[in-house]
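Undergrad: What follows is a single structure, and I will ask about it in a moment.
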Amino acid sequence: MKTKVIVVIGPTAVGKTALGIDLAQRYNGEIISGDSQQVYRKLDIGTAKASPEEQAAAVHHLIDVRDVTEGYSAYEFVAEAKALIADIKSRGKLPIIVGGTGLYIQSLLEGYHLGGLVDQEQVLAYRAELDCLSDEDLETMAEQAGLMVEGNSRRRIIRGLELKKFGENLENTESGYEPLYICLTDDRQVLYDRINQRVDKMMAAGLLDEVSWLYQEHPEAQAAMGIGYKEFFPYLEGQISLEEAIDNVKQNSRRFAKRQLTWFRNRMAVDFYQVSEEAVKDRIYTAVEEFLDD
């Protein structure tokens, strides 16, 4: 029997953290963060990490599990999340994944199992490389590789290219999980306004001090490349004004939100929920309860 997993996804600033806590409290669950930046200690504000009060309201995993000097990959996330899901289930609780890093979540929950003769990190690195390509470039690669993909589905093309590259060492089997994807969204302008307001709140909460520490201590770290940090480095070097740096954070965050929505829409079988819609919480509760009772 497959393990049922609730997955709360969506663009930045849409309200994933609050919903995840609500569902964990309501359905006896524990939260696994599906965010590539929230693993880092001391990076709290720019990563929009759940506050100490929020983390006290529900058990959270994969937050503050790496120093900023360490790297973090999809392979590490998959290995650690699998162990956590098994542990949470063994204690009679519901695993709830909350986050916006689509590659990590898809790598965990889609039907890929890596055989013992291939480096798992190598496969995930190749997947990330393919994901950076446009639909047109992927289709060209598929044609050159002699792949016949029904409907030219992006997901199927990537899967086919992986199988072509790694052959029998990559087993194409069903996942051991049964996920319910809850993808939060909102009208674009409303979402963009929320993003802008959140950046302003981050600045008021001390984001610049957090960035300054990172810039002084670990400017070359993988963590420093995240949105909300890298945009301030030119300001700290005297190249742009603080206002320009803040505007760049807002602009990059809006662009990232758009890319996230495109990812979830095109590459994962998700149900969308408009957060500003009346009674949206009731719709989500109904979906979760029907999923758990099935």
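Residue numbers in this text run from 1 along the chain shown.
Glycine is treated like the rest: Cβ placed from N, Cα and C.
This is the feature table in Swiss-Prot:
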type: BINDING; residues: Gly10, Pro11, Thr12, Ala13, Val14, Gly15, Lys16, Thr17; note: ATP binding site
type: BINDING; residues: Thr12, Ala13, Val14, Gly15, Lys16, Thr17; note: substrate binding site
type: REGION; residues: 35-38; note: region 'Interaction with substrate tRNA'
type: SITE; residues: Thr101; note: site 'Interaction with substrate tRNA'
type: SITE; residues: Arg127; note: site 'Interaction with substrate tRNA'
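Describe the structural surroundings of these features, if you would.
TA: If you take the C-beta of Val14 (ATP binding site) and look for same-chain residues 6 or more apart in sequence within under 8 angstroms, you find Leu184, Thr185, Asp186, Leu191, Arg194, Ala257, Val275.
In the three-state DSSP classification, Val14 (ATP binding site) falls within coil.
The residues of the region 'Interaction with substrate tRNA' (35-38), classed with DSSP into helix (H, G, I), strand (E, B) and coil, number 0 helix, 0 strand, 4 coil.
The Cβ of Thr101 (site 'Interaction with substrate tRNA') has 19 other Cβ atoms within 10 Å, all protein chains considered. DSSP assigns Thr101 (site 'Interaction with substrate tRNA') to coil in the three-state reduction, placing it in neither a helix nor a strand.
According to its DSSP assignment, Arg127 (site 'Interaction with substrate tRNA') is helical.
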Undergrad: Over all shown protein chains, what is the count of other CB atoms within 10 A of the CB belonging to Ala13 (ATP binding site)?
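TA: So the Cβ neighbour count for Ala13 (ATP binding site) comes to 22.
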Undergrad: Could you give the Cα-Cα distance between Thr17 (ATP binding site) and Thr101 (site 'Interaction with substrate tRNA'), in whole Å?
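TA: If we compare the Cα positions of Thr17 (ATP binding site) and Thr101 (site 'Interaction with substrate tRNA'), the gap is 14 Å.
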Undergrad: Using a 10 Å radius around each Cβ and counting other Cβ atoms from all shown chains, which of the recorded positions Lys16, Arg127 yields the largest count?
TA: Lys16
Undergrad: If you count the other Cβ atoms within 10 Å of each Cβ, which of the binding-site residues Thr12, Thr17 comes out on top?
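TA: Per the Cβ count, the most surrounded site is Thr17.
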Undergrad: Using a Cβ cut-off under 8 Å and a sequence separation of 6 or more, which residues in the same chain sit near Pro11 (ATP binding site)?
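TA: Result: Gly100, Leu184, Thr185, Leu191, Phe256, Ala257, Lys258, Gln260, Leu261.
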Undergrad: Among the binding-site residues Gly10, Gly15, which residue has the fewest other Cβ atoms within 10 Å of its own Cβ?
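TA: Across Gly10, Gly15, these binding-site residues, the one with fewest Cβ atoms within 10 Å is Gly15.
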